[in-house]
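Here is what TrEMBL records for this protein:
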{"type": "SIGNAL", "residues": "1-24", "note": "signal peptide"}
{"type": "DOMAIN", "residues": "21-215", "note": "domain 'GH16'"}
{"type": "ACT_SITE", "residues": "GLU101", "note": "active site, nucleophile"}
{"type": "ACT_SITE", "residues": "GLU105", "note": "active site, proton donor"}
{"type": "CARBOHYD", "residues": "ASN109", "note": "N-linked glycosylation site"}
Amino acid sequence: MATSWFSVLLLVSIVFSCFLAASAGDFYQDFDLTWGDKRAEILNGGRLLTLSLDKASGSGFRSKREYVFGRIDMQIKLVSGNSAGTVTAFYLSSEGPNHDEIDFEFLGNLSGDPYIVHTNVYSQGKGDREQQFYLWFDPTKNFHTYSIIWSPQGITFMVDNIPIRVFNNEESIGVPFPKNQPMKVYSSLWDADEWATRGGLVKTDWSKAPFKAYYRNFNAYSWNSVGTDVWRTRALDATGRRWLRWAQKYHMVYNYCADLKRFPHGRPLECRRSRFL
């Protein structure tokens, strides 16, 4: 019997959790603090990393290793309170003008409003494949796990092991797909009040600075670490489809495939092929 894709994701999670304690992420070992001076800090013996943003600068970090296919997990506690205008980004990216990139971006909000998670996929320098979701919990109260599963068959975005988006490999119909360029893991906290909150209508309140985001339990492993067979199926099973439909029906707030004004000459090819993007 063929293994279902959602079952594969759960299997990967279980396999990986078996050695979570032994590889729960040493930020000293896994990452370089790349900008922001002392606004980025590694604490608790390498088990916790914080990013800070004030009016002078944000901050960021980058993995020492590059990855081609696999699963990336990070537990993040986002900026609390009035975070309007701020963006916390967590993503994979290669370098150069024709880079590949797989993005989570968390758009700050006014106190009491839900956070928006913005997702995007770039291949060969071209993106414009945005989907946005309201998170169904307060991501500032506790740590939550954000995952990117990248295989030759597709890319799955997950929040606490719930799939919210699948971007399939549709090279057979001429859609570029990231597969050849090794990517590093990046994260940054920065000011984007020209667009981040309500299209830029709500600006950053610098009296609330410094803004802080917290990271722990980074995990990354290549697809070979669990065997090539687990990546061969591409379709979500019934449980996975239910979760995906739930996320897209009740929590999606923007889908580029449904933005007909943006594509007056016809939707992108991948939008015509799949319901789940």
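Cβ coordinates come from backbone N, Cα and C, glycine included.
Because TrEMBL annotations are produced automatically, they should be read as predictions rather than curated entries.
Across the fold, the C-alpha of ASN109 (N-linked glycosylation site) and the C-alpha of GLU101 (active site, nucleophile) stand 25 Å from each other. Same-chain residues at least 6 positions away in sequence with a Cβ under 8 Å from that of GLU101 (active site, nucleophile) are, in sequence order, TYR91, LEU92, SER93, SER94, ASN120, VAL121, TYR122, GLY127, PRO178, MET183. Counting only same-chain residues six or more apart in sequence, the Cβ atoms lying under 8 angstroms from the Cβ of the residue listed as 'active site, proton donor' belong to VAL87, THR88, ALA89, PHE90, TYR91, VAL117, HIS118, THR119, ASN120.
This prediction places the mean pLDDT of the domain 'GH16' (21-215) at 93. With a 10 A radius on its CB, the residue listed as 'N-linked glycosylation site' counts 25 other CB atoms from all the protein chains.
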